[in-house]
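**Q** What TrEMBL lists as compositional bias 'Low complexity' is 351-383. Residues or ranges marked as disulfide bond by TrEMBL: Cys78-Cys86, Cys278-Cys311. The domain 'Peptidase A1' annotation in TrEMBL covers 47-347. If you look up TrEMBL, you'll see 348-383 marked as region 'Disordered'. According to TrEMBL, the signal peptide annotation covers 1-19.
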Amino acid sequence: MQLLWFLTAVCLQFSWTRAIEGSENNHNSNDNKTVAIPLILVYGGFHYAEIGIGTPPQNFKIFFDTWNQNTWITSTKCPADKYAMCKNHARYDAKSSSSSNETTEKFSYVEYGTTVSGTITEDNVTLGNRVVRQPFGEANATNGETLAVTTFDGSFGLGFGSTGTEKPTILQSMAYSGAITKQVYGIYARGNANGEITFGGYNKALYSGELEFTKVLSPQEWMFGINRIKFGDEDLTGEKCQGVVNDGSHHIYGPKEKVEKIYKELGCDPSKLCEVDCSKISTFPQLKITVKTTEFVIGPEDYIDKEDDKCTGRIFDLDQPTWVLGNLFLDKVYTAYDVEGAQIGFAHANPPQSTLSPTPSSTTPTKSTETTATTQKPHPTTTSAASTLVFHHKLMEFVIVMAVLKYLNL
């Protein structure tokens, strides 16, 4: 693995949201119950969501993780003087919630190269005007400081969910409670605009054409077959072409021997971040990725980053056979996750809509203490602070990509 992963300019921040119930016309047909939550763009093409936990709701910024089932939130049981993760984030206080049910059951989850541990609690989770009971881990310790550099206070897993031994995911809890009809969800996350996650269905207003689904290649994993991938006239498909989508990555990563052909076509040196002549960007080929019969086109203006007078590529090599499709790809698509059918679907994302603008949270704010998300510092504006933040998120992208590959045993 090359150190260029640490130098990719990313930001692992996700947007605060207000949950709203989708209209019948815009969301999946057949009168399915849906809950739609706006995802507000913060920086670098990434989004996070705001939810409420407890009674009254305590507001938190969370990452909806499509790759695992783990659900946890930073807790007041975590000593801020000992763990930076707990010092830098809003913390859930079970004692301040009249609906909490604390247990002595212990948990330990591996999140992005770091272990978080604590005890299981069950409480009300507020998603707009919907409230569901959800067990989650109160994180009171960590064996590393990777999570300290993120802005989310916890993670809600949206993987395939409980097989009988794990706790239910928030998606399962919503289905069990009747808040949604089907265990499916759709994500619209354009890299330059606000987005939306829809539980229980898909928002037809956010994509064009029809969603085309493909079965996952193995149980419990969002890995799928790529029918064709081309860079200009160069066919990069190979005998067995497979991919995963990763909303924790800003770029696209591919098999080393395939990406080297892209570098050759661009005439760039990967040891120098594939730096290219900015004046030649318009002459570079398109990257075309076809899943089933739907082709998605990524132009050079997308896969080349331009900062001041320096232009560098956003496609990097990995020593493994799977394409990891980050926000460079997801910016073009509406992604549909069908947990019940073990399939994933894609359609061309529509242009950003003004209706997906930032709105105040519908959860009731708690008092201004460190348990509320509003106590966190705003995005840094000074050069030094911004540089530090970018470095932290470069590291986080590396860790997340590695975590996905480890999860897939690659």
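Cβ atoms are placed via backbone N, Cα and C, with glycine included.
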**Q** I need the CA-to-CA distance for Cys311 (disulfide bond) versus Cys86 (disulfide bond), whole Å please.
**A** 38
**Q** Would you mind pulling the DSSP three-state label for Cys78 (disulfide bond)?
**A** coil
**Q** How many Å separate the Cα atoms of Cys278 (disulfide bond) and Cys78 (disulfide bond)?
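**A** Rounded to the nearest whole number, the Cα-Cα distance is 48 Å.
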**Q** So among the disulfide-bonded residues Cys78, Cys86, Cys278, Cys311, who's got the most Cβ atoms within 10 Å?
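**A** The largest 10 Å Cβ neighbour count belongs to Cys86.
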